[in-house]
Amino acid sequence: MTNIRKTHPLLKIINSSFVDLPAPSSLSSWWNFGSLLGVCLAVQILTGLFLAMHYTSDTATAFNSVTHICRDVNYGWVLRYLHANGASMFFICLYLHIGRGLYYGSYMFTETWNIGILLLFAVMATAFMGYVLPWGQMSFWGATVITNLLSAIPYIGMDLVQWIWGGFSVVKATLTRFFPFHFLLPFIVAALVMVHLLFLHETGSNNPTGIPSDPDMIPFHPYYTIKDILGFLIMLTALSTLVLFSPDLLGDPDNYMPANPLITPPHIKPEWYFLFAYAILRSIPNKLGGVLALVLSILVLAIVPLLHTSKQRSMMFRPLSQCLFWFLVAVLLTLTWIGGQPVEHPYVIIGQVASVLYFLILLVFMPLTSIVENYLLKW
């Protein structure tokens with residue numbers, strides 16, 4: 001008799017995705033981050049659901065409702081800090097997942113890669129709107145600054161901003177509409193994840209060597225299920241440690257002050273995971289130019305597959321490209337640091353140099369280095 005998991009209409013979909021899925025035998029721990037992102041998304045949706053039961057999206061009560069969750073709701077503080085730090089963990093896994101894709105040439109699966117870029121935009125939008133909801137000082141001023149960037153769009157910019165605000169500044173209507181969108185977007189993200197996996201399973205996974213692994217496949221279960229569970233345990237331990245020992249480590253102290261439109265914080269900045277893009281935005285004196293650079297800092301990833309000039313897929317056997325990749329990581333860390341600094345000398349010039357280097361590495365140096373490597377290998 002055939003196993004029910006192979007015949008049942010629903011179970012056979014799960015079976016072909018997580019049980020009998022053929023996977024390359026050489027996948028390293030860098031391939032764990034996809035499943036870790038799935039766990040992060042599940043944690044965020046569950047904690048967010050319970051937080052939404054107690055939260056009120058009204059400017060008069062939003063800040064107090066978050067305080068009420070932390071003080072009066074049973075384990076409400078755990079939910080709140082799991083959700084806030086879960087977002088940080090989500091972005092750590094997300095950036096490592098993208099880095100893995102760049103290093104090992106996974107971007108050559110263009111459909112999967114492009115859906116991934118859409119996912120990144122959706123997750124960033126979700127995180128931004130979530131940051132506004134506690135209605136602290138940084139929530140209010142962050143929302144004001146970031147939404148105001150849309151006014152740089154010629155002709156329709158100001159109308160668009162006021163349409164999003166629901167008034168002439170960030171008001172009650174803005175908070176009220178951000179809440180349902182913040183609630184809805186994670187489910188759209190979950191749907192996009194399904195499409196992402198659908199395209200991935202059309203081609204099968206890449207592997208560290210970048211060489212087709214069709215002759216050497218193993219079943220996903222039990223080999224990679226066990227490996228993924230170990231990853232879950234490590235990540236959840238790290239998240240729990242952060243939540244229980246230093247929940248405010250990655251937050252901004254200004255957000256413990258209720259939003260006040262009359263007092264501007266000395267230094268407005270987004271959450272740490274947006275600082276690299278914020279630094280690129282600030283490095284261009286022109287408003288429209290800055291906004292374009294901000295969008296392109298993410299969209300540039302879509303151009304990477306078109307600029308792949310190497311005869312090899314992975315960087316595993318390409319030391320020059322490896323050096324360039326780690327230089328790119330250093331540039332991104334520098335941008336993250338600069339994004340959190342005030343707009344003054346020498347931070348301005350460091351940010352401008354790092355921004356130029358970021359685009360140069362991805363668009364010029366990497367393709368040229370690949371051509372040099374091909375020549376050195378006489379290909």
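Using the three backbone atoms N, Cα and C, a Cβ is placed for every residue, glycine included.
Annotation source Swiss-Prot lists transmembrane segment at 33-53 (among others).
Among the features that Swiss-Prot reports, transmembrane segment is placed at 77-98 (among others), with the record citing similarity to another entry.
Sequence annotations record features per position, and here Swiss-Prot assigns heme b b562 binding site to HIS83, HIS182. DSSP assigns HIS182 (heme b b562 binding site) to a helix in the three-state reduction.
In the three-state DSSP assignment, the secondary structure recorded for HIS196 (heme b b566 binding site) is helix. According to Swiss-Prot, the feature heme b b566 binding site maps to HIS97, HIS196.
Residues annotated as transmembrane segment in Swiss-Prot, with similarity to another entry given as evidence: 113-133 (among others).
Annotation source Swiss-Prot lists transmembrane segment at 178-198 (among others).
All protein chains considered, the CB of HIS201 (ubiquinone binding site) has 14 other CB atoms within 10 Å. Taken from Swiss-Prot, the feature ubiquinone binding site covers HIS201.
Per Swiss-Prot, transmembrane segment is recorded for 226-246 (among others). Here the transmembrane segment (226-246) has long-range neighbours at 27, 29, 32-33, 35-36, 39-40, 43, 78, 81-82, 85-86, 88-89, 93, meaning same-chain residues at least 6 beyond its ends whose C-beta is under 8 angstroms from one of its own.
The transmembrane segment feature in Swiss-Prot is assigned to 288-308 (among others). Panel annotation: around the transmembrane segment (288-308), residues 98, 102, 105, 107-108, 110, 113-114, 117, 120-121, 124, 149-150, 152-154, 276-278, 280-282, 355, 358-359, 362-363, 366-367, 370 of the same chain, lying at least six beyond its termini, place a Cβ under 8 Å from a Cβ of the stretch.
What Swiss-Prot lists as transmembrane segment is 320-340 (among others).
Long-range contacts of the transmembrane segment (347-367) within its own chain (CB-CB distance under 8 A, at least 6 residues past either end) are made by residues 279-280, 282-284, 293, 296-297, 300, 303-304, 307-309, 321, 324, 327-328, 331-332, 334-335, 338-339, 341. The transmembrane segment annotation in Swiss-Prot covers 347-367 (among others), and the record cites similarity to another entry as its basis.
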For HIS97 (heme b b566 binding site), the three-state class that DSSP assigns: helix
Tertiary contacts of the transmembrane segment (77-98), as residues 6+ beyond its ends and Cβ separation under 8 Å: 30, 33-34, 36-37, 40-41, 43-44, 47-48, 50-51, 66, 69-71, 116, 120, 123, 127, 130, 235, 238-239, 242-243, 247, 250-251, 271-273, 301
Length of the line joining the Cα atoms of HIS83 (heme b b562 binding site) and HIS97 (heme b b566 binding site), in Å: 20
HIS182 (heme b b562 binding site) to HIS196 (heme b b566 binding site) - Cα separation in whole Å: 21
